[in-house]
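Feature annotations, reproduced from TrEMBL:
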{"type": "DOMAIN", "residues": "27-339", "note": "domain 'Carbohydrate kinase PfkB'"}
{"type": "ACT_SITE", "residues": "Asp300", "note": "active site, proton acceptor"}
Amino acid sequence: MPTVSQNALFGMGNPLLDISAVVDKDFLDKYGLKPNDQILAEEKHKALFDEIVKKSKVEYHAGGSTQNSVKIAQWMIQEPHKVATFFGCIGTDHFGEILKQKAAEAHVDAHYYEQSQEPTGTCAACITGDNRSLVANLAAANCYNKEKHLDVDCNWSLVEKARVYYIAGFFLTVSPESILKVAKHASDSNKIFGLNLSAPFISQFFKEPLMKVMPYVDIVFGNETEAATFAKEQGFETEDIAEIARRVQSLPKVNKNRQRIVVFTQGREDTVATVGDKVKIFPVLDIDQNDIVDTNGAGDAFVGGFLSELVQEKPLEECIRAGHYAANVIIRRVGCTFPEKPDFH
């Protein structure tokens, strides 16, 4: 008997098609990009998308932070199929068809809200050496509509079927009211709701919706940069990552039956997590620098691995070990892609 039921894991976010190509410094300078960053596309980046698809070795991969994570979780679980559910908005176009096909291949139960006003969202991954600069053109992803999708009975019943919920902070720029509805449901039902800080700009410019949902968050994910930015924006006056984790853990929380868990990854450095009232460190798997193909999707993969064990009610240490395993697999490959089967025991 499978230990985990279909639709037990629910994710909602921005479904994007990653357009990945090797560029040079002139290309970055032309569009005012930092070598390693994550930003939302502005008017000045419009031409970038036309230019990058003309590069010789352009690659297309299904992306979007939350969608990556639930796919990795499903890959780690393998059977049954459709443990992971995903909601998001796409356009009625070729890129949208690719995303549907890729979700089906990954055995994720994707229910997209489809509209024809905006094309399917894309994310340009501009690669220079070990670095990558990500420019997201949300387009259709930004059109997610709570009333027309989440609130519809047949969709909401899938939300109710889940035991674990995960949404990347990126979705706070799109539909904070959808996040709140799901987060409150999880809290009221004593289920688990996870949120990712996702990028420094979320803590800086979307502080209000972020702090509105925080009282319902059971697990906070983030990396060291996002943790530091959050701490600065909240006036914590500390740069110590363990102390930041403690402070985030003790922020107000509605469901008192579950103590909040905070998990901060730090690339190749140890992962920091709250375990009860303590903060513990968990070393990541060793990897030879030469084996790292690209680190895009490493954070998404960590969360995916973590969720795969969490939904099977495994202890925190096992969730983190699975996260480290999944991230270690993904950084050896281009984009957020994975081999046929995991080798995690």
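The backbone N, Cα and C atoms fix where each Cβ goes, glycine too.
Predicted automatically and left uncurated, TrEMBL annotations should be read as such.
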Spatial neighbours, same chain, of Asp300 (active site, proton acceptor) - Cβ under 8 Å, 6+ residues apart: Ser65, Asn68, Ser69, Ile72, Ala168, Ile330, Cys336
Across the domain 'Carbohydrate kinase PfkB' (27-339), average pLDDT on the 0 to 100 scale: 94
